[in-house]
Amino acid sequence: MKIIFNLLILFSLVNFINSQSTTQATTLKLEGTIYDQYPYYDNNFEPIAGSLTTRLVQNAINTTTRTPTLNTLLPFTTTNVMGRMVTPSLFQYFYQPNKNAPLTNNSGANFPIPMTVNLTLNPSTGTYVYDNQFFFPIDYQGFDTNPFYRNYTDGTDYHNFHFCLKINTRFTYTGNEVFYFVGDDDVWVFINDQLVIDLGGLHEAAGKNIDLTTLGLTKNKDYTFDFFYCERHTTKSTIRIETSIQAYCPFYDYCGVCYGDGSTCCDPVVNCNDGDLCTIDSCPPRDTIIPAGFSISDLCQHAPVSCPSIDMCTNNTCDSKSGQCTPTSIKCDDKSSQCLTLKPCDPSSGCLYTSSCTSAHNPCNTGACSNGQCQTKSNSTCAAELGNDPCKVYYCDINSGCVSQPLCKQGPDSCEQNVCNAGVCTIKKLDPSVCSCGCVLNKCQKNNCVTASNGTSVCSPLPLDEIDDGNPCTDDHCDETTGLITHNITTKCTGCMKCNTTTGSCSPTNNECQDGNECTDNICVAAATNINQGECSNKTVSCPTTDKCLVYTCDTNKGCVSKPVVCPNSGNCQVGVCDSVKGCTLVPRVCNSTAFCLVSQCDEAIGCITFEKRCSPDNSKCQSGVCVNATATEPGKCKSVDYDPKPFICQTGAIVSTAVVASVVVVGAVVLGAAIFAGKKGYDHWKANQGQVFASSNANPLYQQSNNGGENALFEAPQ
């Protein structure tokens, strides 16, 4: 009775506030994917017996695949031989899907299956435990749904002995976590992307303990926790995990698998086949949200088969009947409406043409074409070309090009001179002394009298005015018998070099090189051995390169065309951006959070992920961290809340004493009444009927039998 009286006094002094309490979880789920393996498809499984082998994998995890990477792919290194990596190249399929590989020898085919490992709280230590010395989680699953594959036993009973388990999670470091493991075969654990447990190879059960306080982690910061386990050999399979790490899954794929890639519920061959041999069918990206009313098949991706370019004269496209890239000759455009005639295709330049509107075809051609007709030089064009003298008449001769004749032609009377003044013809009568000197003229001459030294008028014939056409690029000729005047184009300029009607020299004429291809320069240049001989270069044009954010290509019809540079990302967390001077650079991907209690981070394997913020409590063994979102007046915050009921490790010793009682918080007078009047049975009845499960308290210290022989008055109910 004295003990009960003391308890009454102590309980009356306790002020217990239950509104800020929470219940400690009794289970911890580690969610991942297990990959069923079969030795015929991967001879790294069921090789000859091996031993524990460290340094098989690199110290840093592959952050893109979130899987380990072998230190070497050479099969005959000491570590690979000891670790029984018979075919190291197949290690990539230990923890990554290869479901559609052919079912042939060493193809690496595997079968992914979602897997959850449930750890149970040990309230006396505050750790979560999974202990299974008979660990065969996928018997009759994966490949083994087919009896053909059930041919491995432990001597008597069938089991699926060949599988690899991958668990990718995160946790918020609280400051005192531990992780213990015992099992076989390969086991690798990465924390903060660094290897902390290295138990590779085929071996008997082996263990390793990790105290996270030795890893240099920062309290209240999120870290990655990645666990990899393989069973590669008969006849045992054991595993024991004990940890206080509160691991959680920050991302689920559309199959509902933690850190999944969609492979457990989407098979591109089954779910995404569109029947088109010229598309590459793939499952939706792992972070795809499947809207209500839609199926996975509705969101599959179908990328066109890309066929490599051969040359400018060949189209290499996918044949819809065979699914193979098939080269065919390109069909060049009909450009007759542009007065262009097709030439043989050039592999480096593509379709080439010759213009029928060059001066070689007709010296009166301007080089322009309208509706399939070459445009010729007009009289005004020739006038401008030859000097535009108002006292001359200009026109274009199909044999000679631009020519001119006097506006005011001389008549038969040599004493009547037809004079032109600013385009106006007038007849001027000459004195017979200067115009009648007995000239005997041929058909190409005109009368001209000059005064001899003796003062007499003598004949000095001149060429007819119309013989000179004013074009220095023609050779003018008159037949003295018939008077026929001709103007022949000079032959000193050859090729694309044409005579300049102003200077009479040979000048390059680019129009003569027009090939109908906007990707060639169509430039006339002088030959190395003869400056009067022009040669067309027709070199491929160089498109601008000044703006590094534009990529130029040449279209044979349009010329240089540009499109924005698409800068590639580096992984999922480095975004490619373009600077017009520097070109492509990388910047970190920004993941925006919409609330204080939602964390948005970039995960290299996935991209932006959003998950609930985990708060680190002041005392992780006895408290839970609770996140409180911001309000209009208060910022978001984390707070620590006591577990209710208190875990046993947060209570005092089992024997009742004043010090013990003073440190134990009991939930109100109801508990006290139950304890006093009903003893242990009354307390148990109260505990079993509470709204919040008393899951984490296996014992009441007030009701523990004394280990030193002393009597605990509350251990038994009054008789």
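A Cβ is built for glycine as well, from the same backbone N, Cα and C atoms used for every other residue.
Taken from Swiss-Prot, the feature domain 'PA14' applies to 119-261.
The feature N-linked glycosylation site is assigned by Swiss-Prot to Asn62 (among others). Under a cutoff of 8 A between CB atoms, and with a sequence separation of 6+ in the same chain, the neighbours of Asn62 (N-linked glycosylation site) are Pro68, Thr69.
Taken from Swiss-Prot, the feature N-linked glycosylation site applies to Asn105 (among others), supported by sequence analysis. When secondary structure is read from DSSP and collapsed to three states, Asn105 (N-linked glycosylation site) falls in the coil class. Packing around Asn105 (N-linked glycosylation site) is summarised by its Cβ count: 9 other Cβ atoms lie within 10 angstroms of its Cβ, all protein chains included.
Marked as N-linked glycosylation site by Swiss-Prot on the basis of sequence analysis: Asn118 (among others). In the structure as shown, the Cβ atom of Asn118 (N-linked glycosylation site) sits within 10 Å of 11 other Cβ atoms. Reduced to three states, the DSSP call for Asn118 (N-linked glycosylation site) is strand.
The N-linked glycosylation site feature in Swiss-Prot is assigned to Asn151 (among others); the stated evidence is sequence analysis. Mapped onto three states, the DSSP output places Asn151 (N-linked glycosylation site) in coil.
All protein chains included, Asn315 (N-linked glycosylation site) registers 13 other Cβ atoms within 10 Å of its own Cβ. In this structure, Asn315 (N-linked glycosylation site) is part of a beta strand by DSSP. Annotation comment: Swiss-Prot describes Asn315 (among others) as N-linked glycosylation site, evidence class sequence analysis.
The N-linked glycosylation site annotation in Swiss-Prot covers Asn379 (among others), and the record cites sequence analysis as its basis. According to DSSP, Asn379 (N-linked glycosylation site) sits within a helical segment. With a cut-off of 8 Å between CB atoms and residues at least 6 apart in sequence, the same chain places Val393, Tyr394, Tyr395, Cys396 near Asn379 (N-linked glycosylation site), listed in sequence order.
What Swiss-Prot lists as N-linked glycosylation site is Asn454 (among others), and the listing cites sequence analysis. The Cβ of Asn454 (N-linked glycosylation site) has 6 other Cβ atoms within 10 Å, all protein chains considered.
Annotated N-linked glycosylation site per Swiss-Prot: Asn488 (among others), in sequence order. Taken residue by residue with DSSP, Asn488 (N-linked glycosylation site) is part of a strand. Sequence-distant neighbours of Asn488 (N-linked glycosylation site) (same chain, 6+ residues apart, CB-CB distance under 8 A): Asn399, Ser400, Thr474, Asp475, His477.
For Asn500 (N-linked glycosylation site), applying a Cβ distance below 8 Å and a minimum sequence separation of six or more within one chain yields Cys473, Cys506, Ser507. Under the heading N-linked glycosylation site, Swiss-Prot lists Asn500 (among others).
For Asn538 (N-linked glycosylation site), applying a Cβ distance below 8 Å and a minimum sequence separation of six or more within one chain yields Ser349, Leu352, Cys513, Asp515, Asn517, Thr520, Asp521, Asn522, Ile523. Swiss-Prot lists Asn538 (among others) with the feature N-linked glycosylation site, giving sequence analysis as the kind of evidence.
Taken from Swiss-Prot, the feature N-linked glycosylation site applies to Asn592 (among others), supported by sequence analysis. Just so you know, the Cβ of Asn592 (N-linked glycosylation site) picks up 8 other Cβ atoms within 10 Å once every protein chain is counted.
Asn629 (N-linked glycosylation site) falls within neither a helix nor a strand when secondary structure is assigned with DSSP, and so counts as coil. The N-linked glycosylation site annotation in Swiss-Prot covers Asn629 (among others).
As annotated by Swiss-Prot, signal peptide applies to 1-19, with the evidence given as sequence analysis.
Look at Swiss-Prot and you will find 20-658 tagged as topological domain 'Extracellular', backed by sequence analysis. In the predicted model, the topological domain 'Extracellular' (20-658) shows an average pLDDT of 92.
The annotation topological domain 'Cytoplasmic' is assigned in Swiss-Prot to 680-719.
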Distance from Asn151 (N-linked glycosylation site) back to Asn454 (N-linked glycosylation site), taken between C-alpha atoms, in Å: 139
Asn454 (N-linked glycosylation site): secondary structure state under DSSP, collapsed to three categories: coil
Inter-residue Cα distance where the pair is Asn315 (N-linked glycosylation site) and Asn105 (N-linked glycosylation site), in Å: 38
Fewest other C-beta atoms within 10 angstroms, as judged across Asn151, Asn629, which are the glycosylation sites: Asn151
Integer Å distance between the CA atoms belonging to Asn592 (N-linked glycosylation site) and Asn315 (N-linked glycosylation site): 45
Asn629 (N-linked glycosylation site) and Asn118 (N-linked glycosylation site), distance between Cα atoms, whole Å: 30
Secondary structure of Asn592 (N-linked glycosylation site) (DSSP, helix/strand/coil): coil
